[in-house]
Amino acid sequence: MSAGIRTYLELMRYGNCLMAGFAAVIGTLIAFNILTSGPLSSNFTGPFPFLDAGFVFLVVFLVSGAGNAINDYFDIKIDSINRPERPIPSGRVQAKEALYFSYLLFAAGTLLAFSINSICGLIALFNSLLLILYAKTLKGTPLLGNLSIGYLTGSVFLFGASVFGLEGLKTLFVLFLLAALAITAREIVKDIEDMEGDRLEDADTLPLRIGAKKAGYLAVLIGLLAVLLSPLPCVMSILGLRYLYLVLLADLGFLAAIVQLLVKNNPTKSSKMFKIAMFFALIAFIAGV
């Protein structure tokens with residue numbers, strides 16, 4: 001390959017990959033705490049699986065980087081106008097090189113995931129295929145693109161928990177669902193925020209298809225569903241009362257985001273409030289064991 005390592009790291013958006021990798025390890029840590037000392041503690045009594053957690057980090061880093069690289073491959077025309085400094089439109093990486101590089105990362109990440117266990121491998125394989133489909137088709141498909149991002153982001157935590165097999169998967173499934181709902185709602189709000197730019201680029205997003213008002217109602221519905229379901233981890237004895245107290249802060253943030261969207265018609269502020277609320281939700285997940 002003609003480009004240097006730094007250029008390929010830029011193509012991967014390595015900063016985002018690092019954050020995704022750490023988020024997956026947090027999923028492993030939360031599942032470990034729940035399975036060993038939480039209200040639903042199981043027969044698992046082993047030490048924290050540091051090696052598998054390291055593999056989890058690498059898998060998510062590689063697969064996330066592959067998704068970003070192949071996304072740039074399919075966005076060559078748009079990036080040549082909006083982001084000409086990116087590796088492909090700037091000519092520092094050839095388009096075919098970026099495509100082959102992404103396939104290499106997908107393969108390496110998936111194989112490494114199967115070395116952890118079959119559940120991790122299947123999740124990595126499915127997510128890799130979904131990332132390819134998203135970059136090629138779903139990104140420009142109203143709602144399906146938003147749902148894909150919601151699932152993919154939330155599944156990072158689920159993947160980390162899958163180190164412990166099916167038991168780990170079941171343990172964090174509700175948390176994954178809550179995260180996916182919140183992220184999907186925010187993605188729709190971001191599309192409302194970006195309507196003017198998307199219209200100029202002739203993009204096909206949900207707000208442009210059905211209107212900002214209807215898209216806003218859908219985002220609110222999904223966000224409210226996340227709020228209504230947020231006590232479930234405590235009700236199901238997955239997490240303790242500390243989670244319930246802390247998640248109330250997140251719920252207040254989500255409600256504030258809804259007010260900003262519906263009452264004040266400020267999608268930019270709403271998107272920021274969603275982001276803050278999700279941060280408090282993550283703290284609640286970690287501290288609630």
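We number each residue from 1, going along the chain as drawn.
In case you wondered, yes, glycine gets a Cβ from its N, Cα and C as well.
Keep in mind it's a predicted model, so treat the numbers as computed, not measured.
Some features that Swiss-Prot has for this protein:
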TRANSMEM  18-38  transmembrane segment
TRANSMEM  44-64  transmembrane segment
TRANSMEM  106-126  transmembrane segment
TRANSMEM  141-161  transmembrane segment
TRANSMEM  163-183  transmembrane segment
TRANSMEM  218-238  transmembrane segment
TRANSMEM  243-263  transmembrane segment
TRANSMEM  269-289  transmembrane segment
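Residues 12-14, 16-18, 20-25, 27-29, 32, 35-36, 105-106, 108-110, 112-113, 115-116, 120, 124, 127-128, 131, 156, 159-160, 163-164, 167 of the same chain sit 6 or more residues outside the transmembrane segment (44-64) yet have a Cβ under 8 Å from a Cβ within it.
If you look at the transmembrane segment (269-289) against the transmembrane segment (106-126), you find fewer than three C-beta pairs under 8 angstroms, all six or more positions apart, and that falls short of contact.
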